[in-house]
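Novice: TrEMBL lists these features:
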type	residues	note
SIGNAL	1-16	signal peptide
DOMAIN	38-174	domain 'FAD-binding FR-type'
BINDING	Tyr91, Leu106, Lys108, Thr205	FAD binding site
REGION	118-145	region 'Disordered'
COMPBIAS	123-144	compositional bias 'Basic and acidic residues'
Amino acid sequence: MIIFVILVFLLLLSLGLIYWACYNQSNNYGAQEKSQKIEEETCQLIEKTKLNHDTYKLKFAFPSKMNDKAIKVGQYITLHHPNEDKLNNKYFPINIIEQKGKFEILVKVWTEFEIDSQNQSKTEQDNQNESKNEQDNQIEKDNQNRSNFNSWIEKMIPGDSALIKIPFGSFFYFGYGRTLIIQVPLRRMAQYKRIVMIAYGQGITPMYQIIQAVANRSSDKTKLQLLYANKTQQDILLYNELKAFEASKKLTLHLTLDKPHASWMHSSGFVTSSMIQNAFGTIDKYTLALVCGPPKMRQLIGQIFHELNVDSKNFYMFT
């Protein structure tokens with residue numbers, strides 16, 4: 001009897017320590033998000049790999065003095081031209097976050113059509129009182145900046161430098177289904193049994209961070225399901241890595257293409273309500289839904305979630 005009581009006590013103590021660690025860690029993250037100072041540093045490109053027709057994997061040396069200020073799972077960096085700060089974009093690193101000494105990002109070189117589409121979405125969200133001339137001028141500036149940024153990325157070679165600024169982001173994943181979302185004035189800490197993810201194109205990168213974080217910790221039993229959409233099969237990023245996680249039973253993977261070949265064996269077409277339900281079933285209170293993709297895609301998924309009665313507390317959109 002005494003042994004049984006001792007075992008129960010030790011079990012309760014262990015659970016209490018786990019909860020305390022979770023609470024303490026999330027509070028530290030919360031304090032960091034509220035008062036964190038954005039750090040910037042020059043980093044050297046050490047490797048550049050072309051993955052497909054419009055995407056590069058860039059590997060940078062990470063300054064040792066910034067290792068202790070490294071980002072958390074769910075956060076991102078901004079990459080800037082060393083001499084023109086306005087030429088920049090944000091990226092979620094795809095290397096294991098705890099890894100020191102380097103970081104890797106996927107950089108998409110946008111076509112003129114995609115630049116126009118991005119600017120159209122941005123314009124739709126701008127103040128309706130803004131004059132047409134002002135909007136046109138801003139679009140022209142954005143187009144030129146994006147074109148110059150693309151040109152810089154295309155010409156980069158190992159040994160070149162870039163300016164990075166860290167950390168950014170309001171979503172944190174710190175293991176065992178535990179998350180923290182900070183959207184001032186709201187601060188929401190929760191723990192989930194399952195995380196479902198919907199990504200389009202380069203929107204896979206924050207999801208990949210989380211998948212790695214769970215998969216590389218054998219004691220983290222959080223269930224992961226991913227619905228990954230792309231235009232064509234050539235556009236699928238990190239395909240081999242995702243298939244490896246699927247093969248090891250760490251991830252359930254669903255793929256869909258806007259323009260599939262005749263031999264394509266997975267889903268086809270844009271993400272729909274039925275596609276989401278077939279992939280994930282019911283998104284209940286024990287499930288967190290994450291979304292990352294273009295503005296119109298996020299808007300569509302938001303509408304679908306509303307129709308499926310998904311609680312807004314249980315989904316987050318990376319923007």
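Using the three backbone atoms N, Cα and C, a Cβ is placed for every residue, glycine included.
Predicted automatically and left uncurated, TrEMBL annotations should be read as such.
Give me the structural setting of these features: burial, nearby parts and distances.
Specialist: Every protein chain shown contributes to the tally, and the Cβ of Lys108 (FAD binding site) ends up with 19 other Cβ atoms within 10 Å.
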Novice: Could you pull the average pLDDT for the domain 'FAD-binding FR-type' (38-174)?
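Specialist: Here the predicted model's pLDDT, averaged over the domain 'FAD-binding FR-type' (38-174), is 84.
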Novice: Neighbour count, 10 Å Cβ-Cβ cut-off, for Leu106 (FAD binding site): what number do you get?
Specialist: 21
Novice: What other residues of this chain sit with their CB within 8 A of the center of the CB atoms of Tyr91, Leu106, Lys108, Thr205, the recorded FAD site?
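Specialist: Other same-chain residues with Cβ inside the cutoff are Thr55, Phe92, Ile94, Ile105, Val107, Gln202, Leu237.
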Novice: Other than its own, how many Cβ atoms are within 10 Å of the Cβ belonging to Thr205 (FAD binding site)?
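Specialist: So the number of other Cβ atoms within 10 Å of Thr205 (FAD binding site) is 20.
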